[in-house]
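Following: one structure in structure tokens, then a few remarks.
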Amino acid sequence: MTKQTLILAVETSCDETSVSVIADGHQILSNSVLSQIDSHKRFGGVVPEVASRHHVENITLMVEDALTTAQVTMDDIDAVAVTQGPGLIGALLVGVNAAKALAFAHNKPLIPVHHIAGHIYANQLDKGLTFPLMALIVSGGHTELVLMRNHLNFEVIGETRDDAVGEAYDKVARTIGLPYPGGPHVDKLAAEGIDSYDFPRVWLEPDSFDFSFSGLKSAVINKLHNLKQKGETPIPENVAASFQNSVVEVLVGKAIRACEQYDVKQLIVAGGVASNRGLRAELERATEAHGITLSIPEPKLCTDNAAMIGAVAYYLYQQGVTADMALNGKSNMFLETI
Ligand code: KG4
Ligand code: ZN
């Protein structure tokens, strides 16, 4: 039997400190994730400086935990991978420096990984990628439609022109008095309400695969304002259901049109909002109706984790893509040129 390729991957781009050991790009030997959500909750959002400090406190513990759980030592590891960007620069730097130190001390290759490529490759850990594919990325910082004709080949065909979908969820949640991060709370509430507020569906130009969510967010805020002025009380469940229906209709509508236009074999969904129950249900219904194969990772692989970074790194490793000790974190980074 040939020896498996083991990659130790590090992810610290936002508010999760995560380290994972991945075999051959698809088998998860460990995926240690420490979420900082409880720490940021009281501020109503992620505080970058607080995030960096927590990463510094926890990164060594997570490396030890990932190695112990995988029952391997650094001697068994073939390469060290790390999220280079995009993300919060202070947070990214903690992971990048930890990965550099590990690679240098143990004389292993260092592999830089794009965070969004990681979200896409979470599907490689689940059902696997079948090309050509369309990826719908829905996270707290990104909303994109990405065409992939092969491994590591990314063509962004549409993206948000303003807010990311997760960001819109979190802002609407705050407006109706729900705690951070609001997405899962809005999702839960939406299941108990009806679409009664008639919020706009923002399609942009007919042939565009871009998205825009700031108008919808303002429509929700204005509606709540108007009701208050008239002395009426909004029904939170119905606000959540109306907002979610508007988001889901546009996301699914554009994703299906993109799949048909580019004649892909698979639609994959990635990012934190991919755990949204309303979105998952509508995607299942629409893909079945259009004969498209759908892949959505299990919820714990939808949110930030290092296993997805290790999955991409395996293919970069095979192509000999490595970085030297000058590697730096990047808050902005293009997916198409990695
Ligand atoms: O991908 P992710 O973990 O972090 C980023 O890279 O951004 O996504 C976090 C986002 C947050 O905005 C959170 O509110 C949203 O994903 N989210 C959800 C749900 N679960 C997480 N949004 C809607 N419905 C959910 N069930
Ligand atoms: Zn993410």
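Glycine residues also receive a Cβ, built from the backbone N, Cα and C atoms like all the rest.
Keep in mind that TrEMBL annotations are predicted by a computer and have not been checked by a curator.
When TrEMBL records Ile137, Val138, Ser139, Gly140, Gly141, Gly183, Asp187, Asn276 as binding substrate, the matching candidate from Asp170, Asp198, Asp263 it lists for that site is Asp170. According to TrEMBL, His115, His119 bind Fe cation; the candidate from Asp304, Asp324 that the record adds to this site is Asp304. Of all the binding-site residues listed (His115, His119), His115 has the fewest other CB atoms within 10 A of its CB. Comparing the binding-site residues Ser139, Asn276 on other C-beta atoms within 10 angstroms of each C-beta gives the minimum for Ser139.
For Ile137 (substrate binding site), applying a Cβ distance below 8 Å and a minimum sequence separation of six or more within one chain yields Ile116, His119, Ile120, Thr143, Glu144, Leu145, Val146, Ala270, Gly271. Checking the binding-site residues Ile137, Ser139, Asp304 against ligand 2, the ones with a C-beta less than 6 Å from an atom of that molecule are Ser139, Asp304. DSSP assigns His119 (Fe cation binding site) to a helical segment in the three-state reduction.
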